[in-house]
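Chemist: First, the structure itself, so that you have it in front of you.
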């Protein structure tokens with residue numbers, strides 16, 4: 001029983017980690033909290049529903065469509081909502097936050113309009129498939145989710161640490177100005193970052209649809225807040241912190257359900273936000289000076 | 001003649017506009033020290049629930065319920081404001097966003113007290129109580145040629161109008177006082193303000209608690225005007241709606257959020273088709289405002305120009 005819950009927690013946590021990675025990438029490079037990330041994630045999930053349920057196409061197509069659509073959304077987010085504010089004089093640091101809140105509320109209600117308010121089921125050919133290992137039941141979906149999540153995280157880590165583009169991105173995260181002096185095309189890098197972050201959100205959306213078998217326009221907000229909680233927990237802009245934070249939150253939520261307080265499950269993330277910000281604003285893995293701005 | 005003009009529906013819309021103006025003022029106070037709060041929906045909910053529960057379950061008079069609701073929201077604001085002082089900008093916004101959601105989850109889960117997600121219904125209505133009070137004095141709706149429900153709506157509207165005007169007057173006075181100048185100094189540059197001897201801790205917490213209290217007050221009024229509240233009334237959407245009053249109208253002068261609240265509440269009523277797309281329009285508005293006019297439609301310069309024009313007219 002407890003082992004099954006642990007597996008649930010790790011599955012959930014790995015999805016959370018991917019969502020949080022999207023936040024952390026954008027924050028690392030732009031110092032912006034992308035409040036629209038949750039809604040982009042939700043659009044990814046809906047693309048999954050649309051492709052597998054309505055069009056009856058295989059899951060891999062769902063992933064491709066979700067990636068395509070969220071990449072476009074990311075590009076639009078950057079060009080329409082973020083770029084006009086950049087480098088403008090007299091714009092407070094709250095402006096991008098408010099602007100992305102605008103995008104988030106727009107996207108949520110757009111989805112509301114297109115898909116209706118209710119929950120949509122998300123069925124895959126292997127939804128019901130499960131294995132019996134000893135006394136523990138493991139669902140195939142969980143394994144698929146976990147594998148994809150780990151692949152994504154390993155891929156992203158490799159890309160960030162080894163490739164030229166990844167190094168350029170990390171240079172941008174250190175300092176946009178210095179990076180541009182050293183010949184990094186920062187404008188292109190920023191767009192790339194936002195698109196990659198959005199695509200990670202989209203993939204996470206499809207994964208969540210698979211895991212919970214239900215998708216609704218409201219899921220973006222709660223997942224967005226959880227992503228925020230995770231990056232605050234793991235340290236803003238910290239890639240490894242986001243992964244660890246995701247797993248911690250996933251496990252904590254499933255444990256609360258085990259102890260029978262399922263109504264407060266969603267409150268954990270928000271309570272975490274407040275506590276961590278008050279007690280250790282730099283996050284569990286952050287450096288002391290980073291968060292104090 | 002008068003009886004035909006008074007349409008309860010229009011009066012109700014006007015009452016909601018007034019409540020939203022109070023909410024707009026509440027976010028303006030917090031913003032006037034440069035603090036962005038996304039927890040005002042939570043404070044509003046605290047005021048609404050406190051007042052509803054006090055009047056329904058403990059049979060307190062409405063006035064007591066509303067005042068206690070506002071004070072409770074203020075105290076919670078104080079408790080949130082002091083520890084979050086060390087947070088700035090986006091961190092404060094996130095912390096207050098988290099706070100708002102915790103409050104909402106509490107409303108849903110404390111079923112014994114709040115009736116959970118269903119919400120509280122048949123809360124004592126301000127207008128009915130007022131009219132009942134008037135009737136005790138021997139005053140009847142028919143005496144001025146009105147129907148009973150017209151008098152109810154009219155009394156709600158007039159009461160809210162008086163309250164709103166008092167609140168606006170109070171905060172205009174405050175803006176021009178030592179407190180208001182301290183707020184403005186903190187918003188411009190916190191460190192410089194501190195160097196000039198402004199006690200920034202005191203004033204920031206004051207602004208935050210004042211904002212929370214006014215929001216709680218508006219929430220309590222809201223509960224007694226609609227007679228029904230549920231946790232969904234105080235969600236993230238409400239917080240964004242309150243924020244957009246100030247962002248759209250302008251957060252530099254108090255007239256900004258007042259205009260924003262009035263315009264954005266009236267717009268869906270006048271243009272019916274707009275209502276369905278309301279939140280989509282809000283979203284677009286936020287993005288567009290940030291890109292082209294981050295200070296909002298009405299800013300200090302505009303007020304200054306208006307004053308100049310009035311002066312010129314006075315001379316010639």
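Yeah, the Cβs are placed from backbone N, Cα and C, and that goes for glycine too.
Curation plays no part in TrEMBL annotations; they are all automatic predictions.
Annotation source TrEMBL lists transmembrane segment at B:9-31, B:37-56, B:63-83, B:89-107, B:151-172, B:205-230, B:242-267, B:279-304.
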Chemist: Can you name the far-off residues of the same chain, 6+ from the ends of the transmembrane segment (B:242-267), with a Cβ under 8 Å from a Cβ of it?
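Modeler: Answer is 13, 16-17, 20-21, 23-28, 31-32, 36, 38, 40-41, 44, 168, 171-172, 175, 215, 274, 282, 285-286, 289-290, 295-300, 303.
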Chemist: In the same chain, who gets a Cβ under 8 Å from the transmembrane segment (B:63-83) while lying at least 6 residues past its ends?
Modeler: 39, 43-44, 46-52, 54-55, 95-96, 99, 204-205, 208-217, 219-221, 223-224
Chemist: Which sequence-distant residues neighbour the transmembrane segment (B:151-172)? Criterion: at least 6 residues beyond either end, Cβ under 8 Å.
Modeler: 6, 8, 11-12, 14-15, 18-19, 21-22, 25, 28-29, 125-128, 130-131, 134, 141, 144, 214, 221, 225, 254, 258
Chemist: Let me check one thing: do the transmembrane segment (B:9-31) and the transmembrane segment (B:205-230) come into contact, meaning three or more Cβ pairs under 8 Å with sequence separation of at least 6?
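Modeler: These two stretches do touch.
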Chemist: Do any residues, 6 or more residues outside the transmembrane segment (B:89-107), come within under 8 Å Cβ-to-Cβ of it, and if so which ones?
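Modeler: Counting only partners 6 or more residues beyond its ends, the transmembrane segment (B:89-107) has Cβ contacts under 8 Å with 35-42, 45-46, 49, 80, 114, 116, 231, 234-236, 239.
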